[in-house]
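Q: Here you go, one structure.
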């Protein structure tokens, strides 16, 4: 059997493919201006680095291209640890910032439902307005703020009490005894301020007469913490011709954004 040589037409095609591939490699290395092209083994090194500069687009944000100074620093093993220390010092504050707990700015679940308190009491010689607001701090503590304005003669007292507090006009010796529930009442006055002003004005019951009136404005801040069960608002007003004692215990199982309204 006589063997015939293969046609030479195939060889130029193979050579053309090889030249095309080599051109692609050379074109890929043209963008790497920070590499020494005259050094030996440059082609292999450039091919490896070209993969780093042109990675697969697996991330939305493109990886930053290393600066020339970074690679030159890393080439020397003596200066590598200094370079790594400098990079670490820059990245440590960012890492600490990322480790901080994220504070949610949205609404968190309150410990109880009621938030605002409003009480308006009007008589012939008295006009009393009491407003209250509770602020849940979200860390197991909450504050209760009271403000009341009264026009007339008398003393007003607004406080937080446990449910066992007896509603009565006069303080009896039995009501001062400490119970188990009152001992676990973890609420205290944090701030208190009272402003009083005296003036004369026309009487409500008889506009032809001049009456002596006293205006009182009070701000009280309570701070409560766990453990606690139920707290109540206790209002007491004493004047010459009018007495009022009221205890309001909100329902903790009912969550509502509307304020509690009390009138009398």
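Heads up, residue numbers simply count up from 1 along the chain you see.
The backbone N, Cα and C atoms fix where each Cβ goes, glycine too.
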Q: Checking feature assignment: region 'IV (linker domain)' per Swiss-Prot, candidates 8-16, 170-178. Which range matches?
A: 170-178
Q: On the 0 to 100 scale, where does the mean pLDDT of the region 'IV (linker domain)' (170-178) fall?
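A: Reported value for the region 'IV (linker domain)' (170-178) is a mean pLDDT of 45.
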Q: Please report the distance from the Cα of residue 139 (N-linked glycosylation site) to the Cα of residue 149 (N-linked glycosylation site), rounded to the nearest angstrom.
A: 32
Q: I want to verify one value. Collapsing DSSP to three states, which class is residue 149 (N-linked glycosylation site)?
A: strand
Q: Per 10 Å Cβ neighbour count, which of the glycosylation sites 139, 149, 155 ranks highest?
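A: Of the glycosylation sites 139, 149, 155, the highest Cβ count within 10 Å belongs to 149.
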